[in-house]
Amino acid sequence: MVMSWLIITEKDNTARRIASILFKDVKTLKKGRVSYYHSPSNDAYVVGLKGHIVELDFPKELNNWTKTPLEKLLQAELVKKVKERTISSILKEIAKKADRVTVATDYDREGELIGVEALEIVKSVNPTVKVDRVRYSAVTEKEIRSAFSKPVKVDFNLANAALARQKIDLIWGATLTRLISVHSGRMGKDFLSVGRVQTPTLRLIVDRELEIQNFKPEKYYEIFAEFEGFIAKHPKRYGSKEEAEKLFAKIGETAKVEEFTRRRMEENRPTPFNTTEFLREASKFMSPHKAMNIAETLYMNGYISYPRTDNTVYPPTINLIEIVSALSSVFPREAQIVLSQDKITPSRGRRETKDHPPIYPTGVAKRGELSKDEWTIYELVVRRFLATLAPKAVWDVRRVVLDSNGVKFVANGRQLVEAGWRDIYIYSKAEETELPLLKKGDVLRILKKRLEEKETKPPGRYSASSLIKMMEKLNLGTKSTRHEIIQKLVSRRYIHGNPFRPSETAFSVINVLKETAETITLPDMTAKLENEMDLIAEGKKREPEVVDESREMLLQILRAIDYRKLSKDLREGVKKDKIVGKCPECGGELVVRQSKAGKRFIGCSNYPDCTFTLPLPQNGTLYITAKQCKEHEIKEVKIRTKKGYWNLGCPYCNYLNWKKENS
């Protein structure tokens, strides 16, 4: 009997590409709506999964949120469920006649677990089948052929680390979400989501907003002198106006050059993209979640390397010059800047890992072959890659120190002499400052002197970029999950905008948890669990042991909660999130309501005595902002749709304008 070879990939389009690379006689087979691929001459089958085809869940008898005790929920034995039955059926069918199974899922923790889940299905019908694993970082012919020429063993420790994360996140997420949702009265579609990583991340945003709200600006004073062609500044700033005025009065009509320096400064090139830096740069154009989805599509279609990586050093196995030469057909000017050098040496970051290289282009794409957003991400990856190989930028840097009656002034100037990598990486603006050539002893006339009163500014809100960086610093989540955490906070209406602003519900949830179960909101506990999962991957700890430790940790948190206070504070806080302002007719509270027909509107809390209402758009996610209308005691409203944010402004002003236009 001829035995078959079964190759398992993570997604269908990867299966299709790998099949076409390895075999010349590929036929597409179908079962229901699922396609898979067969090479008759090799009797090889390539089956693409849909990511996880098996999911973990709680037993059905624990589905009732209000009746199931939380301690029982967190101690429950989780059950596995096959969620893609057709794919499972195909795997079993082929596995029965297979003598070799190759796992070709993505090479990371999640990919290893996805492969192991499929293997368990295979081994349920063929327990003795030979199994191997191939690892690759790009879906290109060269990479795939190289990977299949040197298969390795499946890394069960790596898969178990992902399994531990899956179990812990499910246990913590379900338990805490039920805790908060039930005690706030927010269940059904409107439930309040809480999670192991999500909640400490949300606290960062809420705490920053509180810093901004509580910030008290302080006045300070700075002294400037204007000269022909430049402005100089006194190096010190003063909290006392009197002290500043005293010094200001000493300034004469001229200033003498005490020191003038001029030097050439080389500016280093950007380092190769790892996931964190890629998402931070991509967030200039779109949400990190969208950027990662597009990067994965480009990877599976052979245009860029694997986008989930910590590495910032190109391995010597990558033929950098070959890639640049190939890219010259689409980026000729940029490629020429790189190729015109006598020697090409790439920049290096601090982190070097052996699993995947930094993100780099693996195929040449033309603008017309990709969607607008796909091209934006592809171009970003290409330009970053070329910039890491380009010459350094060179600046002419100047500095002058001047003196006027004992009052010192300093000015700096810089001009870009050789653009180098800056001619390629167009996302980083070169800020130039004029400063003429001077020499020691020159006496310059002061055209104007200024004493400026300024105020200290509050810290800035977190942008997608700065939040990802802070999450990495605090070990919140992983390179593969941070963008998903941020997206979850947006979709659950905890945060909006970019930079991010928290909703009233976010304040309520975090403030209540800080008082009743602060551990949940701190990064320490989550970082500890991340370290434990690393130990599983290294084979130093067992998955059940880490999961049980996390259950015990959560149990202690639940037992320390004051449930009466939790319930009271949550219900009061959640109510605030629906309050839009004061009713102009009776002074009651205007709140967001829903009609029997399911339409949302703004109504008065004193209904039926007061029937004042305002219409609202029916599509998109509604956000009540902290900004209040200048004319009415009503907060402004924003709507988030697929196209972005729409600032509706004051709903009452909006309604009055509409009424005026349509009268």
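Numbers run from 1 along the shown chain.
Cβ coordinates are placed from backbone N, Cα and C, and glycine is handled just like the others.
Looking at 193-198, 199-204, 493-498, the range annotated in Swiss-Prot as region 'Interaction with DNA' turns out to be 193-198.
Checking the ranges 23-50, 51-78, 583-610 against Swiss-Prot, the zinc finger annotation falls on 583-610. Looking at 79-103, 129-153, 554-578, 629-653, the stretch flagged in Swiss-Prot as zinc finger turns out to be 629-653.
Away from its own ends, the zinc finger (629-653) comes close to residues 490, 496-497, 580-582, 584, 590, 602, 614-617, 619-623 of its chain (Cβ-Cβ under 8 Å, at least six residues beyond either end).
Listed in sequence order, the recorded positions near GLU10 (Mg(2+) binding site) (C-alpha within 10 Å of its C-alpha) are HIS52, out of HIS52, ARG165, ASP169, TYR306, ARG308. Working note on the binding-site residues GLU10, ASP106: by count of other C-beta atoms within 10 Å of each C-beta, ASP106 ranks first. Counting in whole angstrom, ARG308 (site 'Interaction with DNA') lies 10 from ASP106 (Mg(2+) binding site) by their C-alpha atoms.
If you average pLDDT over the domain 'Topo IA-type catalytic' (155-558) in this model, you get 94.
Sequence-distant contacts of ARG492 (site 'Interaction with DNA'), defined as residues of its own chain at least six apart whose C-beta falls under 8 angstroms from its C-beta, comprise LEU192, SER193. Taken residue by residue with DSSP, HIS52 (site 'Interaction with DNA') is part of neither helix nor strand, so it is coil.
With DSSP classes pooled into helix, strand and coil, the tally for the zinc finger (583-610) is 0 helix, 11 strand, 17 coil.
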